[in-house]
Amino acid sequence: MINRYFITGTDTNIGKTISVCALLQYLNKLGNKSVGCKLISSGCKKIKNKIFNEDVVNIMKYNNIKFKYKDINPFAFLEKTAPHIASKRKNIFINHILLSNKLNKFLNYDIDYLIIEGFGGWKVPINSNSMYSEWVSNEKLPIILVVGIKLGCINHALLTIESIKNSNAIILGWIANHLEKDLINKNDYFKYLKKVIKYPLIGKIPFIKNKKNFSNLHKYIFLKKVI
């Protein structure tokens with residue numbers, strides 16, 4: 001049976017992708033067959049009539065089972081906006097059934113861990129009537145919350161956790177991702193979050209200057225606390 005984790009964040013551009021890459025590297029080091037995917041992406045680039053998302057390309061570097069791009073990122077949009085807007089403008093209707101069908105394709109493969117990167121924060125509409133978070137809850141996907149350490153992160157983290165709990169979703173743990181090198185009081189923010197978040201801290205990623213080099217991130221993950 002595949003162990004499936006869903007990675008959400010306290011906001012967009014908060015470090016979900018770097019966290020997925022770190023988790024994949026950690027799991028690979030333990031000898032697991034690990035795959036990361038991002039079902040929906042926007043802000044993509046078009047190269048030779050093919051659409052690619054930079055986050056997805058980074059994730060695919062650390063998949064030790066190889067898939068075609070369209071399997072890892074079935075819904076990719078050029079416009080950098082919310083899924084319900086981008087998909088409507090392309091006359092593509094995304095719903096829960098479609099997402100489940102795309103996810104279930106991985107069940108046909110010998111995979112130990114499937115890491116699913118979400119889109120933006122927790123509450124994101126995929127069409128005019130449905131939220132991404134509702135699908136995650138229905139699929140009973142254990143959630144790893146990425147908290148970007150910055151001014152306002154305490155409020156963002158606690159509100160997101162409250163919303164996830166109200167959705168009857170399962171929180172596996174959280175990852176602290178440092179977004180700014182010289183953030184004032186960053187250690188105080190982290191210490192407070194560690195005290196008030198009643199879920200295991202499974203990763204602490206320092207500020208990474210080179211956003212194109214996600215290697216050697218496994219050392220910042222301690223997932224063994226919860227698996």
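Here, residue 1 is simply the first one shown, and the rest follow in order.
A Cβ is built for glycine as well, from the same backbone N, Cα and C atoms used for every other residue.
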Q: Figure out which of Thr12, Thr17 sits with Asp55, Glu117 in the Mg(2+) site per Swiss-Prot.
A: Thr17
Q. Could you give the Cα-Cα distance between Asp55 (ATP binding site) and Thr17 (Mg(2+) binding site), in whole Å?
A. 6
Q: Look at each of the recorded positions, Lys16, Lys38, His178, and point out the one with the fewest other Cβ atoms around it within 10 Å.
A: His178
Q) Counting every protein chain present, what is the number of Cβ atoms, excluding its own, within 10 Å of the Cβ of Thr17 (Mg(2+) binding site)? A) 25
Q | Fewest Cβ neighbours within 10 Å, where candidates are the binding-site residues Asn13, Ser42 | A | Asn13
